[in-house]
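**Q** Annotations per Swiss-Prot:
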| type | residues | note |
| --- | --- | --- |
| ACT_SITE | ASP93 | active site, nucleophile |
| BINDING | ASP128, ALA196 | substrate binding site |
| BINDING | CYS279, CYS281, CYS284 | Zn(2+) binding site |
Amino acid sequence: MRDVFEVGAQDGLARIGELDVPRAGVTVETPTLMPVVNPNLITVEPSRFVDEFGAELLITNSYIINSDDDLRERALDEGLHEMLGFDGAIMTDSGSFQLAEYGEIDTDTEAILRFQHDIGSDIGTPVDIPTPPDADREQAAAELETTQQRLELAETVDVGDMLVNAPVQGATQPDLREQAGAHAYGTALDLFPVGAVVPLMNQYRYDDMTEAVLAAKRGLGRDAPVHLFGAGHPMMFALAAALGCDLFDSAAYAIYARDDRYLTVSGTEHLDDLHYFPCDCPVCAEHSPQAVRGMAAGDRERLLAEHNLHVSFGEIRRVKQAIKSGTLMELVAARAHAHPSTLDGYRALLDHSDQLEASDPASKDAFFYTGAGSARRPEVHRHHQRLDRLDVDGDDVLLTEGDSNHRYDESWNVLPPFGPYPSALATTYPLTAETPARMDRAGYEAAAEGVCRLAEANPDTAFTLAHDDWPESALEAVPQRVSLYNAVRGE
């Protein structure tokens, strides 16, 4: 067990956690967002982060500080906390982003870790190699080997009680990501950033991002705190949490504000296109878009950055509540349908229902069917997998969406998308699900999969499925030996 991270409530891979940061003397509740602070260009004073926005942790770049003589001297003299005016925990990056952007940097793992320690960082980062997406396998494997060597070197650097990140690389090669996760987890390092996914997010390739993160998670242990490097847009926090990520960082709040862009949970709006602010944060409650457009550039940038922080931390709180109440997948589905790319990410997530199911609580408060994706959720997968454990009494069994019939030895209920279940389970989760009266094709097809599973597990039992006018695509999936009766048409 890693002593610095404790997992609490879970919903699939998502969890509420407590990250102990000993050097800062604080415990951070996750999931959480780290505002990125560029010490050369501060848009919102970090001294405001804790009380006004709820930030417990920020991230800044030690390479930028080390490369500027004035900043370097200030940081060494004052320490990061005093220099930035921030009382929470501080994570520092090593310059790997600059390495990805410019191809080289003037530092190494040992030197930058010692510098991070000397300026008072609470969580440091070695210099890893951020292999770009779609790099060929040879490049990805070679650069991963270099990263792993640097992680092993980082273990040997004496940094006191400063925590150290162990970045997980591997480009878009799932097996390399999984291998990288296992190697990183096997070190004595503390946190596990999934790196080099910013290009995927910038290109709206949320499906590929999902595959990369889930592969890394397969290599990491349950007690590994995971940081999704560069995840700063609130539209994808719910998805990222559902992937099992605990820490996100946002430079977007400031970068977007500089370009008059306004973040929402469903995308990005340009200030010029807004007649009303669709938000009740202090900035939006006290100003109109017209008033903000008329301000001086610096004031406009600051207010937009403040809004962007408010909406981002508001979404983090919403994600936490959804995890606590067991409704995160409903939130993910709602966010996914706001943009085709997040929908791709959601569908990629559902392709791994077995991985989600392994850590999903067996019982929650409610299951809401909100669309075709709900038919592929872990709860449906789990129900189908467990059908062969249930005893069927009798040789002639009715599976029905309606009332039981005493002409059969036994009657089972049928509820799309789950399919058949004994009436004794009717009041248990997830069979208490709220489903629409007009079920979609995917829900019926999933129910048919459940019928197949039950029939396969009981080859000597005769089954009759009394359905409420299911579509042909679902009926075609039912085994031929199962008799069909359309209860709506009476045939």
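Placed from the backbone N, Cα and C atoms, the Cβ positions cover glycine too.
Map these features onto the structure and tell me what's around them.
**A** Mapped onto three states, the DSSP output places ASP93 (active site, nucleophile) in strand.
The Cβ neighbour count for ALA196 (substrate binding site), using a 10 Å radius and every protein chain shown, is 28.
Taking Cβ-Cβ distances under 8 Å and a sequence separation of 6 or more, the neighbours of CYS284 (Zn(2+) binding site) in its chain are PHE277, PRO278, HIS307. Secondary structure at CYS284 (Zn(2+) binding site), taken from DSSP and collapsed to helix, strand or coil, is helix.
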**Q** Pick out which of the recorded positions ASP93, ASP128 has the most other Cβ atoms within 10 Å of its own Cβ.
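**A** By the 10 Å Cβ neighbour count, ASP128 comes out on top.
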**Q** Cα distance, CYS279 (Zn(2+) binding site) to ASP128 (substrate binding site), nearest Å?
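**A** Each residue's Cα considered, ASP128 (substrate binding site) and CYS279 (Zn(2+) binding site) end up 39 Å apart.
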**Q** Do me a favour and check the Cα-Cα span between CYS279 (Zn(2+) binding site) and ALA196 (substrate binding site); whole Å is fine.
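**A** The Cα atom of CYS279 (Zn(2+) binding site) is 32 Å away from the Cα atom of ALA196 (substrate binding site).
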